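Asks: One structure, pasted below without further comment.
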Amino acid sequence: MEVLAAETISQQERLQAIAEKRRRQAEVENRRRQLEDDRRQLQHLKSKALRERWLLEGTPSSASEGDEDMRKQMQEDEQKARLLEESIARLEKEIEELENADTLPAPVKETQVAPSPGPVVPAPCPAQEDRKAEVDLNAQQTPVGTPKEKRISNTPMRMVEGSTMMNAAMYSVEITVEKDKVTGETRVLSSATVLPREHPPQGIKVYEDETKVVHAVDGTAENGIHPLSSSEVDELIHKADEVTLSEAGSAAAPETRGPSEEVVRTTPSRREITGVQAQPGEATSGPPGIQPGQEPPVTMIFMGYQNVEDEAETQKVLGLQDTITAELVVIEDAAEPKEPAPPNGSAAEPLATEGSREENQVGPEAPASDPQDLDMKKQRCKCCSIM
């Protein structure tokens, strides 16, 4: 009976220890949330004060009511910033105390058991049961976001919980950021994935959780370093991914153009065409399978039929609506030895020379008064249409 009573007492103590541990974890989570909110408000107040100070420096020396109001607002913001800094320091101290309280070993209580004639079952040590219960609680009922790992290392290697074996980091990312002192916005300049190093660069650790460790390396003295929250780290990683994708897209465009330009430079011209100048890229601009001497295929798209019955509509469709038609009729007389030249001297000159050549050939054989000669002269009359 005494053994059962001792087991009951140890079980009650174990349950009390579990409940106390849950309460401390809940307090730690609440203080962490409040700490992140205070840091965010402090950052906002600092950026606001910096902007107002910059505006006041640019105004003329003559004071006005607006400047006085702005100075009062700046003093109030500075007072709020001091209060927030004190609150942040207090919360950090409380969180550290609660976390140290979790790591302290539980006091070992000895249970006196009276001797009995029967076999005595050794009572389990409460400290061992408490540790076992804490491990089971961490494995099954740990709330989301609770830090399980208390040890902080200065290298990319991380300790596996419950053992002395180290878990090496899979990869490292170097991110170059620039912070606007006026707006407080952080902009990512470049991002590069590198192999994890055994000894990290000399810097300040600003964030660490179960999967990530963030060190601030350069610019620590100029910009001032404060610990980052999980949301800020996630936003920084997201911006770095966007910069990496944009750099990869800009680098892929010259690579796709490079081989075609080299082919154009190294391919000799196999055929010489008079009057045609080869342009760069003509050999590779056409579809595959077409030789340089062949013409590229023409794609024709059927747009439909159009019925035209009116002659005026036909000329309109064909683009001949504004054309002028003229006829030139030349009638020769037997008494005239020479044809009159046309006014412009362009259209009928070849015909006149041809007619005079025929007269020279036919003249000695037949007289000018022969009716057959008149018929031939009439047949030589030409009509031309000027479009």
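Glycine residues also receive a Cβ, built from the backbone N, Cα and C atoms like all the rest.
Grabbed the feature section from Swiss-Prot, which reads as follows:
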MOD_RES   MET1  N-acetylmethionine
REGION    22-78  region 'Disordered'
COMPBIAS  25-41  compositional bias 'Basic and acidic residues'
COMPBIAS  69-78  compositional bias 'Basic and acidic residues'
REGION    98-133  region 'Disordered'
MOD_RES   SER116  phosphoserine
COMPBIAS  116-125  compositional bias 'Pro residues'
MOD_RES   THR142  phosphothreonine
MOD_RES   THR146  phosphothreonine
MOD_RES   SER163  phosphoserine
MOD_RES   THR244  phosphothreonine
MOD_RES   SER246  phosphoserine
REGION    246-297  region 'Disordered'
COMPBIAS  258-273  compositional bias 'Basic and acidic residues'
COMPBIAS  286-297  compositional bias 'Low complexity'
REGION    334-378  region 'Disordered'
MOD_RES   SER346  phosphoserine
MOD_RES   SER369  phosphoserine
LIPID     CYS381  S-palmitoyl cysteine
LIPID     CYS383  S-palmitoyl cysteine
MOD_RES   CYS384  cysteine methyl ester
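For each listed feature, how buried is it and what is near it?
Replies: In terms of DSSP secondary structure, the region 'Disordered' (22-78) contains 51 helix, 0 strand, 6 coil.
Cβ contacts within 10 Å of THR244 (phosphothreonine), excluding its own Cβ and spanning all protein chains shown: 17.
The number of other Cβ atoms within 10 Å of the Cβ belonging to SER246 (phosphoserine), over all protein chains shown, comes to 10.
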